[in-house]
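Here the structure is laid out as structure tokens; the discussion comes afterwards.
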Amino acid sequence: MRNIPVVMIIFGGSGDLAHRKLYPALFNLYQQGLIHDNFAVIGTARRPWSHEYLREKVSDAVHETHDEVDENSLKHFASHFYYQSHDVTNVEHYETLKKLAQELDDRYCAHGNRLFYMAMAPRFFGTIATHINDQCLTGSGFNRIVLEKPFGHDLASAEKLNKEITASFNEEDIFRIDHYLGKEMVQNIMPMRFTNPLIKNIWSADYIKNIQVTLAERLGVEARGGYYDTSGALRDMVQNHIFQIITLLAMPEPKDLTSAGVHKAKQALLESMIIPSPEEVKKDFVRGQYLGSDTTLAYKQEPNVDENSTTETFVAGKVKFKEGPVAGVPIYFRTGKEFKEKKNRIDIVLKHINNPYGQAYSNKITIEIDPTSKIYITINGKKIDQPGIRRENLTYEFSKSEMAKVPDGYERLLHDVFVNDLTNFTHWSELKRYWEFIDSVEADWQKENETGDAKIAQYLPYRMGPKEANDIFETPTEHWIYE
Ligand code: NAD
């Protein structure tokens, strides 16, 4: 693997994301040789840490995520880390940061390459990007910026943020990360769709009855009640992860696999996304909140949550496209907190065909994204000892040793940032379209809240969300496959 020279600056270097995801992912990339002798990482945050303390934290993070660690290798890796106490709102601090970055660039021969990673609250992203530019923190080589989610709270705030970022960085240097796009089975959607005649040729409204995307979380809001209450499931999960998955399922075949080719196909699809009318929002969307139990709190009792909150911890809805291979096919989605188990999966349900047996089970393709990674096709066959049809699964599954080789989404996406591959990052035009859809639903919900018409379904914790989610299907023969 090519060694990429770079000085990486992580804003939010003492935070949870840096600790749990970024440091372990960087260590793996270091072991593979992608970053090796010519790299330095500056962790910044407000706390008065030392270089040595950050290195200890980095080592802890690697130990916590790896069963076996080569201690010499880890020591050498950690020696490339430097800490700079920095308040991102203080202009003078960027001067100190600039000096350190330049010094490390010289020491590690980083060729003036800079990677800025925004691992902190999004309200700071615009300020940081502006200061990076104004205080000339950029280097003479490449200058890339990685932005965590959420990118805005609605279209207006996303547009404002985008303006601030693009005033300092070119679109081709902006990596808007959605870690779902780094997941093994999400990256399997395109090869599965486009390399199998068996699948490619049935990918249309002629054969597909509906598509279902479920991102189920077992946990409640935990300590994030304050943030979550201003967001909700629609903004937190649908605007990004669910829409990215739906886009991969519904987009036309790209001309080639370049980043430009893939984004062009996505954009062509998204232009034809139907924004739901207020009547459709009423009919096709369900929002819900989890109730409490003997041992757990109801959402409205969670710390820092408004006791009259209308924020949804569950949402189910429908998306349709006018163009593309599955134009007209209903794509149902649901996501929420306190499901019976953590499970991310996609079900592609095929239409029934008339057959001389007079019976058949639903023929479908299931992609399990988490916690297991597999694809299975549910097919009909004959019963052995009596007349009739039985159903079986044809399964594509990884062995344990293959699973062990699957990189974490962050590792894969950080790799792509280093090698300058934007394929699995969100282009602004896609993000904008997602927000247009979300804003329209949110606006209708807001009106319902104001007129007292809001219907917020209550659901028991650790089951499958509210029963009202069964009411969004277009026909009585449709239902949630995963239950
Ligand atoms: P966190 O609260 O754990 O960390 C925030 C960091 O920002 C800390 O290092 C803190 O010291 C620093 N900080 C705060 N104010 C500052 C200031 N004025 N100047 C300098 N530093 C300051 O947050 P997190 O969980 O690490 O999340 C960071 C980002 O990553 C957020 O955008 C979040 O939505 C996103 N994200 C996090 C996760 C995760 O698993 N933690 C997953 C997906 C996305």
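From the backbone N, Cα and C atoms, a Cβ is placed for every residue, glycine too.
DSSP gives HIS241 (active site, proton acceptor) a helix state. Summarising the annotation, TrEMBL assigns active site, proton acceptor to HIS241.
In the structure as shown, the Cβ atom of ARG46 (NADP(+) binding site) sits within 10 Å of 14 other Cβ atoms. The NADP(+) binding site annotation in TrEMBL covers ARG46, ASP87, VAL88, LYS149.
The Cβ of ASP236 (substrate binding site) has PRO150, TYR228 as same-chain neighbours under 8 Å, each 6 or more residues away in sequence. Under the DSSP three-state reduction, ASP236 (substrate binding site) is assigned to helix. Per TrEMBL, substrate binding site is recorded for HIS179, LYS183, GLU217, ASP236, LYS337, LYS342.
Marked as domain 'Glucose-6-phosphate dehydrogenase NAD-binding' by TrEMBL: 9-188.
According to TrEMBL, the feature domain 'Glucose-6-phosphate dehydrogenase C-terminal' maps to 190-480.
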Among ASP87, LYS149, HIS241, which are recorded as recorded positions, the nearest neighbour of GLU217 (substrate binding site) by Cα
HIS241
Between all pairs in HIS179, LYS183, GLU217, ASP236, LYS337, LYS342 (listed as substrate binders), what's the biggest Cα distance, rounded to the nearest Å?
20
Quick check on the binding-site residues ASP87, GLU217: which one has the highest count of other Cβ atoms within 10 Å of its Cβ?
GLU217
Among all the protein chains here, how many other CB atoms are within 10 A of the CB of LYS183 (substrate binding site)?
23
Based on Cα coordinates, which of the following binding-site residues are within 10 Å of LYS149 (NADP(+) binding site): HIS179, LYS183, LYS337?
HIS179
Spatial neighbours of HIS241 (active site, proton acceptor) among the binding-site residues ARG46, ASP87, VAL88, HIS179, LYS342 [C-alpha, 10 Å]:
HIS179
Determine the C-alpha span of the NADP(+) site listed in the record, that is the greatest distance between any two of ARG46, ASP87, VAL88, LYS149, in Å to the nearest whole number.
21
Recorded positions near ligand 1 among LYS183, GLU217, HIS241, LYS337 (Cβ under 6 Å):
none
